[in-house]
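Per TrEMBL, the features are:
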- 7-40: domain 'Zinc finger/thioredoxin putative' (DOMAIN)
- 46-82: region 'Disordered' (REGION)
- 56-66: compositional bias 'Low complexity' (COMPBIAS)
- 67-78: compositional bias 'Pro residues' (COMPBIAS)
- 116-209: region 'Disordered' (REGION)
- 187-198: compositional bias 'Pro residues' (COMPBIAS)
- 236-256: transmembrane segment (TRANSMEM)
């Protein structure tokens, strides 16, 4: 025979008989058949008037919570004694607990909201009305796997209670923690709380750090971009400096290459214009390398014995006229050793129409004729070379 216990509804003080299987079905959650309120039957077990059997004496220790305070301390309420009600033969397989659990959770949330609002706002004083004792708040239950509905019955009073049971869920379902305000029950019903006018509510301020903080300016920052103005003066200065640097480099090049540049036809006109102003003198155009000789002939003089007649043709291959060069006639022996040497000035070898000329015209052949003494029989080799008149 299964162990049976007696539980009492905390809302309407109705007693019921319940066995251990019904307690374990929904973790002690049952619905009162009188007031239709859900409560934890294991926490509201009461002692039966008859001595309980030895097996039933272990029921208080097997419960998950101590018994509630005696019913005599609660306000008077209609009392129905269903101690003789046997719930062991009820059908628990057809119980659908979805709606029951939803209602139970809704009631718990409403109860928590009332407790929080009662703590936040003090109730208005009612000196004339007696203080109503507060009912012990129901501790929130762990998520139950089922709900037990108990309906009292008696001869001529109510119908026989019915029980519905939802298939149990695994025990590893995490339990929802109960708020601290709903776990502790007040020892005595508190009286009406009077608001204290002398102590107004103060708002908590955050603590300020000890070290000083830098003050930031809250003035609006104006960000504006303007196109920079063109500074023509600065540009002109830079242009002048660049031109001056270029002129300095050009002057250095001309200074070190003056003799070469002044003898070139492409630069000669520029020097002719600048030299009178700058006080420089233009050297004559001389390029001895461009003067060539041909048809050099040395023979015995037809009129004088012991004399030689020399004939040659000079040619200026330069593009410009240049002064007549100095002529050097050299005689050497068979071994190349010099035997006699003679230089001739332009006035000595120019005759006829060319007498008195200072410059040798370009690209024009000029015939010259010289008369010299015979250097001897050893002078078997001879050559003609040119030198600058300067």
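Using the three backbone atoms N, Cα and C, a Cβ is placed for every residue, glycine included.
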Summarise the domain 'Zinc finger/thioredoxin putative' (7-40) as counts of helix, strand and coil residues per DSSP. 6 helix, 14 strand, 14 coil
Which residues of the same chain, at least 6 past either end of the transmembrane segment (236-256), have a Cβ under 8 Å from a Cβ in it? none
